[in-house]
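Notes follow the structure.
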Amino acid sequence: MTDVTHGVLHTLFHSDQGGHEQVVLCQDRASGLKAVIAIHSTALGPALGGTRFYPYATEEEAVADALNLARGMSYKNAMAGLDHGGGKAVIIGDPDRIKSEELLLAYGRFVASLGGRYVTACDVGTYVADMDVVARECRWTTGRSPENGGAGDSSVLTAFGVYQGMRASAQHLWGDPSLRGRKVGIAGVGKVGHHLVEHLRAEGAEVVITDVREEAVGRILAAHPDGVTAVADTATLIRVEGLDIYAPCALGGALNDDTVPALTATVVCGAANNQLAHPGVEKDLADRGILYAPDYVVNAGGVIQVADELHGFDFDRCKAKAAKIYDTTLAIFARAKTDGIPPAAAADRIAEQRMAEARRAL
């Protein structure tokens, strides 16, 4: 962006996210591209994180989101055992209105100019087909189609990782990882949620679902005439009697001051990002005896997949890595108990320790 406002500079230098190595402001007038690339850390390796395409109200909001998301990717990649730091990019604008091949190619050139310090992938508003276009200008692009050397849809392994997180939660809380006979509520049965239903039904869990899209619910019920029921909305789902596990698999902020008091489940483990509306929510969950499996740990199957693309994608190798989310989740619960802190704080400590050790080794 050629005209950097005072507000953007203030956001960059006074953000409470802090510690970022590099922020790149990108503008291509010919295509209409305005983007922000944020690199939080390269201590573990090249920063890896997706590209979000979203109609931010202001440039300051876009910068703040990029900083926040990049920091989150540092922690996610560290906990997933990847040799990658955290980065994220946001493209400012409504993708339905301004997304074009010209814009994506221009964006690819900006990513390429970083020489591999940042590796991009899909996120909200960007898809496999978009990454195929970006990759024409930038080899540091993952999330491509199989026809173009990529792994395609990452929702299969994302769901598998969440399922492993549920098994770990069951082992920690009930002494048995089996989910047979457990009642699991899933809010959001889109790409990830419907694969999660498959895992749960295969093990004999009872599943209750909801989604704002009636057609998504209909597809699940048609595929599973037994063992799956639907309720009207999330407010109803979280109040279902006898619910063992609640899985937010749609929008962030699902756990807030209104929903937590109503939860009947004793475990929260889902695929949605940023499930805690604010840091105090996890204490509220703990006070009610509800075990929280940190979202960025259990939903890491997708980033494990895109990282593997850089080495020639192998599904079985990726699935084996995603299966380790079970052990990682158990380790987090053990650390939380030892340190007397919530699981999310324990996950942060483990991630920070790995990043600090990598920095000392440099």
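Any Cβ shown, glycine's included, is placed from N, Cα and C.
As recorded in TrEMBL:
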{"type": "ACT_SITE", "residues": "Lys88", "note": "active site, proton donor/acceptor"}
{"type": "BINDING", "residues": "Gly188, Val189, Gly190, Lys191, Val192, Gly193", "note": "NAD(+) binding site"}
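Contacts of Val192 (NAD(+) binding site) defined by a Cβ separation under 8 A and a same-chain sequence distance of 6+ are given as Ser155, Thr158, Ala159, Val162, Cys249, Ala271, Asn299, in order along the sequence. Rounded to the nearest whole angstrom, the C-alpha distance between Gly188 (NAD(+) binding site) and the residue listed as 'active site, proton donor/acceptor' is 24. A Cα-Cα distance of 23 Å separates Gly190 (NAD(+) binding site) from Lys88 (active site, proton donor/acceptor). On a Cα basis, Lys88 (active site, proton donor/acceptor) lies 22 Å away from Lys191 (NAD(+) binding site). The record gives Gly188, Val189, Gly190, Lys191, Val192, Gly193 for NAD(+). Within 8 Å of the mean position of their Cβ atoms, the other Cβ atoms in that chain belong to Ser155, Ile186, His194, His195, Leu196, Asp211, Ala216, Cys249, Ala250, Ala271. Around the Cβ of Gly188 (NAD(+) binding site), the number of neighbouring Cβ atoms within 10 Å comes to 25.
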